[in-house]
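Student: I'd like to ask some things about the structure below.
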Amino acid sequence: MWQIFHKLGSPKWFFGIATRLMPWLLAGGVLLMMAGIVWGLGFAPKDYLQGNSYRIIFIHVPTAFLAQSVYIMMAVAAVVTLVWRMKLADVFVKAVAPVGLVLTFLALFTGAVWGKPTWGTWWIWDARLTSMLILLFLYGGVIALDRAINDEKSAARAVAVLVLVGVVNIPIIKYSVEWWNTLHQPATFKLTEKPTMPAEMWVPLLLSVLGLYLVFGWLACLRMQTEILVREQRTRWVREHVMAGRT
Amino acid sequence: MAFESLAAFLSMDGHGPYVWTCYGAFFVLMAVMMVWSVRRRRAVIESCRRRYESLESRDVGATTRAAATFTRVNVSQD
């Protein structure tokens with residue numbers, strides 16, 4: 001068990017695994033997303049209440065879902081950084097924070113554009129929207145804090161603490177539609193219940209969520225590899241890898 | 001198909017601009033982020049390679065210089 005743990009923490013080992021996984025993640029992710037989006041845009045039936053504007057859901061829900069899910073993954077990595085001082089966990093946090101920022105922005109943007117024809121307004125300071133905006137600032141804060149501290153180890157610890165403090169926002173986002181009266185509709189998918197939508201609507205949505213997960217996996221591997229190369233450039237294996245041209 | 005014609009598909013009963021703005025923003029931002037990440041990785045590898053190469057040439061230079069200064073040790077010491 002400890003051996004596996006140490007292996008997982010080894011940047012060199014991760015680098016090799018990531019190189020092998022990445023083509024599959026990218027191909028699978030793009031295929032699933034395309035299938036979900038084409039199905040959702042052209043073939044899924046119209047919503048009886050919202051009309052065709054609901055088709056934004058096929059990118060709004062995946063980006064919003066990933067935005068929160070990436071933050072939870074970062075929080076787990078932050079615990080690992082603080083407790084076990086595993087380098088790879090910190091590499092993960094730094095590599096994916098900008099991805100989380102972009103996904104959160106996209107969720108807010110697509111939500112605002114969807115809100116205009118559906119609610120009649122681009123923005124309203126209600127619980128779901130405001131807590132999502134806080135998530136955007138949290139991602140921005142993590143990136144800024146990391147850049148502000150030069151020493152790698154202190155930066156890792158400070159960022160991990162900030163990520164953990166911010167994690168309180170995640171249940172607020174999730175339950176905001178239930179705790180408060182908001183304009184936002186309740187969750188589309190629940191683990192405990194069957195979706196309230198017909199299958200022709202939720203199957204493409206599920207495909208695009210899974211697809212975006214895989215694309216995120218590809219991005220995470222790629223960006224972690226970059227971060228590892230920067231940090232480990234003085235080691236022999238990086239030198240050998242770069243000079244061998246197996247890039 | 002949920003639409004009868006391409007025009008109906010593009011207009012989406014008047015919701016077209018909203019829907020297409022969202023999809024446009026999504027594809028542009030995702031593509032920019034993906035391309036940028038690939039380029040940054042390549043740039044890091046390139047700068048590492050240059051550094052290693054300059055280190056190697058310096059190592060080679062150092063050994064030849066050492067061999068040369070060995071015979072003129074008095075000159076190089078002042």
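Glycine too: its Cβ is placed from the backbone N, Cα and C atoms.
The model shown is predicted, which means the values in this text are computed figures rather than measured ones.
Pulled the feature table from TrEMBL, pasting it below:
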- A:13-184: domain 'Cytochrome c assembly protein' (DOMAIN)
- A:21-44: transmembrane segment (TRANSMEM)
- A:56-84: transmembrane segment (TRANSMEM)
- A:91-115: transmembrane segment (TRANSMEM)
- A:127-146: transmembrane segment (TRANSMEM)
- A:158-177: transmembrane segment (TRANSMEM)
- A:201-222: transmembrane segment (TRANSMEM)
Student: Answer yes if the transmembrane segment (A:127-146) and the transmembrane segment (A:56-84) have at least three CB pairs under 8 Å among residue pairs 6 or more apart in sequence, and no otherwise.
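Tutor: Yes, the transmembrane segment (A:127-146) contacts the transmembrane segment (A:56-84).
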Student: Pairs of Cβ atoms less than 8 Å apart decide it: which stretch in A:56-84, A:91-115, A:158-177, A:201-222 has the most with the transmembrane segment (A:21-44)?
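Tutor: The stretch I would name here is A:201-222.
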Student: Is the transmembrane segment (A:56-84) packed against any residues at least 6 beyond its ends, judged by a Cβ distance under 8 Å, and which are they?
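Tutor: Counting only partners 6 or more residues beyond its ends, the transmembrane segment (A:56-84) has Cβ contacts under 8 Å with 5, 9, 33, 36-37, 40-41, 90, 92-93, 96-97, 99-100, 103-104, 106-107, 110-111, 113-114, 132, 135, 138-139, 142, 156-157, 159-161, 163-164, 166-167, 169-170, 173-174, 188-189, 204-205, 208-209, 211-213, 216.
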